[in-house]
């Protein structure tokens, strides 16, 4: 058996590189991370003729080999490291027929590395529409390569590409231009000093600020001659190099490409006149947003209810059909509800990514970035922060994952840090029940007080995100080059296959990434709620039975009282009691304390926990509500959930960082515990202070 | 006064004459923002920032703070 052919797919963003990857590998792909960093690594297997297999890596999109982001570093690191197990036998550069000129820049750089290279010209089905014709033999000769004309949309040319990959040994490894002419003396000396090294590779190592091949770098720095160039000198040389490459490309295309503008049709101009308009652009964006929200809430409701009830009955079934014991309880009360807590988010996450990937694939997202950049910059954010902030109202987890395309690390970090302030769907059940308890039903200008309160809470969420972004922008001293270049790609009809793959992949990454942590936490919570030290817990049955002996309770009522007693004296109940002094000034009792503590796993646990504490057998909202309304404040008398404590609780939930899964994702995306811990402490601390002041003023 | 890209009006075309490489990210140069290339202003966001440009066939948006470092000569109204 022959060994697999290693193939690296390289290309500019928006060239349909991922579509080519999907066409080559189908479902034979897996997504992971590069070791130590959060850049996604996509690889897959492609079957070539005569039983040969190719191992294909879809490298992050880049405009050149001069890296300006972590994602782009990955590309250079791989291409410069011959010892890497993924080092390509053949590089496939994917270009877009409409942007050939710009795409070829990267191609000429890769040719300079003397790796066998195939040029894919993608979206070839648009050539006629755009009036473009190409002289392929001439281009192949000038570029010293083989060209595959591909249309992933029409599924054309993929077999030809596979054939070329199979025959990679026939490809030329000669560079197509001599870039060292830009400063002959310098490059001659460089080559003399390192006769065994590839000149262009040396040049890349000198000009890049990347961590790869530290040894190479030290080796070069050791020879004093090559430190003589200042940073500015180097940059000027890089500019010269770029001009030189473009000269070559322009000359090649002058002969090899003809564009008949009279037959070219431009949908872009007509669409952009409206979609990026100073007034209409914003109006359309708002309508799209509104539609997406509506859809996420409406469409997810049914599958979410279904998941909820399925897991509830699964848990019930486990309890009934397995022999009673600790393991059964752990399974039915800890693990299964824990898994349910993960799975229940899948519909919202899937729908959100469905819309986001459609907006991205179609090219519209760049227009949103363009429209919003100026406004967001006032808060230390970028136009690219809009998507995560909006996504955050569904769930902060996918929102934080969506920050990856923000180039400036500072802007990205601020976006990650403030996104959890936006009102996510897990806050909604908490808000709804408290609002219905403490806000009167009257109307103001035709709008219900309760609805207005809910709207206000959403606004408070956005406001908190923006204000804290502004503060972080002042405080954080992170040096990161804040430049902003957004390509405005052509509008395209999204390829459903790509959209579907994105949705599946992101959902999977949530379930297996954050899921592990949610599951672990829910098991721990179960233990804390199911065990307790001392008499009051261990003999709960006898104590309660004795206590209510005279009251003639039904067995069910008695069971509820026993469960309530057990919870009160379980570890978690004792924790609630222990923190009571701290939360009493906020107007809460120990029961709310428990609900808050368990809410740190996930906010929506609040309602469920209170349901258990108030020993209501079912989760039915009305019943819980009635019990909550009947609770009496142990010290002041009067209802426990009054206007003051209710508002205080609402604000606490608006600001506090109570979501383990979000913290886990922040840890993964920032690669450090520092930021999630900071979020936890600052947000929750702020929530506490606000809730305290609110309660003390209102009471 | 030198004419920079920030002076360009909607629909106008110009030739890039000089790019001050200290302030301009290499990425922008690589996308075609180089002396000699043609540039057209496609659209502006409110307050003329960011600017949506067509440089040498590549459509992109940059902030005004970047545009002031790109010198141009207006050729076409």
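In case you wondered, yes, glycine gets a Cβ from its N, Cα and C as well.
Remember, predicted model here, so these are calculated numbers, not experimental data.
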Checklist outcome for this item: transmembrane segment per TrEMBL, picked from A:305-331, A:413-439, is residues A:413-439
Checklist entry - Which one of these stretches, A:230-249, A:250-269, A:490-509, A:510-529, shows up in TrEMBL as transmembrane segment? => result A:510-529
Checklist entry - For which of the residue intervals A:184-202, A:203-221, A:279-297 does TrEMBL record transmembrane segment? => result A:279-297
Checklist outcome for this item: One stretch in A:335-359, A:413-439, A:451-472, A:636-656, A:677-698 has more Cβ pairs under 8 Å to the transmembrane segment (A:279-297) than the rest, namely A:335-359
Next on the checklist: As a test: from A:379-401, A:413-439, A:451-472, A:636-656, pick the stretch that has the greatest number of Cβ pairs under 8 Å with the transmembrane segment (A:677-698).
Outcome noted: A:636-656
Checklist entry - Taking Cα atoms as reference points, which of the binding-site residues A:22, A:23, A:25, A:26 is nearest to residue A:60 (GTP binding site)? => result A:22
Checklist entry - Between the transmembrane segment (A:451-472) and the transmembrane segment (A:379-401), do 3 or more CB pairs sit under 8 angstroms, pairs being 6 or more residues apart? => result yes
Next on the checklist: Considering only Cβ pairs within less than 8 angstroms, which of the stretches A:335-359, A:413-439, A:451-472 has the most against the transmembrane segment (A:636-656)?
Outcome noted: A:413-439
Next on the checklist: Spatially, which candidate from the binding-site residues A:14, A:17, A:40 is nearest to residue A:25 (Mg(2+) 2 binding site), comparing Cα atoms?
Outcome noted: A:17
Checklist outcome for this item: Same-chain residues at least 6 positions away from residue A:23 (Mg(2+) 2 binding site) with a Cβ under 8 Å from its Cβ, in sequence order, are A:150, A:152, A:155, A:158
Item to check | A:11, A:14, A:40, A:123 filtered to the binding-site residues whose C-alpha is within 10 Å of residue A:22 (Mg(2+) 1 binding site) | outcome: none
Checklist entry - Just counting, how many other CB atoms are there within 10 A of the CB of residue A:17 (GTP binding site)? => result 25
Checklist entry - Where does the mean pLDDT land for the domain 'FeoB-type G' (A:4-171)? => result 87
